[in-house]
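Pulled from TrEMBL:
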{"type": "BINDING", "residues": "THR49, ASN50, TYR51, TYR52, GLN53, ASP93, ASN142, GLN187, TRP302, GLN303, LEU304, LEU312, TRP334", "note": "cyanocob(III)alamin binding site"}
{"type": "DISULFID", "residues": "CYS62-CYS104", "note": "disulfide bond"}
Amino acid sequence: PHTGRLALYLLGLRATCPTPSPHRSLVTWLKYYLEEDWTGSRRHGHPLTNYYQYGLGVLALCVHHKRVREEVVQRLLTAQHHGRLRHGGNAVDTEAVVALAFTCLERRRLVGTELAAELRAAAHRAGSSMAKAQEPDGVIGNIYSTPWALQVFLATGMCQTEPAFAQAMAALLENLEAFSTAATMAQVLPVLHGHSYLDIASMHCKEEPDTLTPLNMEPLAEVPGNKTVQLVVECPLPWCYDLKLYDHLVPVPAAASLLDVLQTAAELEPHDFRFHTQETSQGPFLSQVLGLEARQEKRNYWQLLSAPDIPLEMGIADYRPRDKEILILRLSEW
């Protein structure tokens with residue numbers, strides 16, 4: 001199911017103040033996807049996509065003032081209660097999206113009084129959990145998860161009482177250059193203006209100016225020269241025949257991204273190195289390396305590391321390796 005992508009589209013559509021008719025069928029489709037998505041729980045114990053996309057779907061419906069069946073909400077409450085939202089590489093993102101969905105349903109009075117009280121308590125639990133997970137540098141989860149946590153603090157009112165809010169905001173302002181894609185900008189811009197995605201639901205569209213005008217962007221200046229990156233592929237899982245499956249130096253232009261490094265390695269040694277990606281709202285996602293596929297039902301993923309074990313906080317299309325840097329693609333479990 002295209003739960004997450006359609007949810008993001010509907011959130012963006014609502015923010016542009018559309019006329020009522022064009023998106024009605026899309027809202028109906030999102031309701032359908034939420035039900036289809038949950039069929040995965042009968043086999044895997046979680047949605048066919050993941051709790052992040054499922055929570056995003058509930059949030060989008062709420063922002064469009066659409067009621068959600070109580071059973072759908074209870075699924076997310078149960079998942080939070082049993083700690084299932086904390087599984088995976090984007091645990092803060094997932095908890096935050098679900099907390100925003102809970103707060104929206106409670107605030108818009110789209111659920112009964114008793115359930116609303118449960119949702120309010122669950123959202124505050126999520127906010128407290130994020131505050132406890134804050135790093136000494138103010139980041140919560142990673143720099144890209146931090147705007148999600150800040151949205152929760154803003155939506156629940158915890159921004160006025162939680163010290164973690166000011167520390168996380170300071171960390172965000174120091175790292176704004178990391179938000180270079182449309183998807184990451186969409187997460188950070190509301191926070192910089194003191195808003196969350198919940199505020200889309202109460203926009204007064206007649207007062208909104210038409211600001212969707214194109215900008216003449218100057219192309220990025222090319223960085224002269226070349227660099228060499230050491231690319232390593234590891235599989236520490238018990239069913240792999242060797243820990244280190246690939247270890248080669250890859251020469252690339254100085255401005256090359258990690259994705260460029262992978263593509264160059266595949267061109268130079270097509271028999272020794274191959275990879276596949278999947279397009280997501282956050283950019284290309286590394287799904288397969290050397291024939292080994294990262295699959296959610298197997299609970300594994302390709303972890304991106306700078307040697308020896310520093311996780312990369314950017315995707316393969318955004319990260320620009322340094323000269324002589326050792327980059328590790330490690331098949332890991334979550």
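Just so it is clear, glycine is given a Cβ too, placed from its N, Cα and C backbone atoms.
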Problem - Cα distance (Å, whole number) from CYS62 (disulfide bond) to THR49 (cyanocob(III)alamin binding site) - result: 20
Practice task
Sort out the sequence-distant neighbours of TRP302 (cyanocob(III)alamin binding site) for me: same chain, 6+ apart, CB within less than 8 Å of its CB, listed by position.
Solution key: LEU286, SER287, VAL289, ALA294, LEU329, ARG330, LEU331, SER332
Completion exercise
In all the protein chains shown, the tally of other Cβ atoms within 10 Å of the Cβ of LEU304 (cyanocob(III)alamin binding site) is 19
Fill in the blank from the handout: Quick note, GLN53 (cyanocob(III)alamin binding site): same-chain residues at least 6 apart with CB under 8 Å of its CB -> THR3, GLY4, ALA7, ASP37, PRO47
Handout entry: Spatial neighbour of CYS104 (disulfide bond) that is closest, considering only the binding-site residues TYR51, ASN142, LEU304 and their CA atoms
Key = TYR51
Handout entry: Nonlocal neighbours by CB distance (under 8 Å) for ASN142 (cyanocob(III)alamin binding site), same chain, sequence gap 6 or more
Key = VAL92, PRO311, GLU313
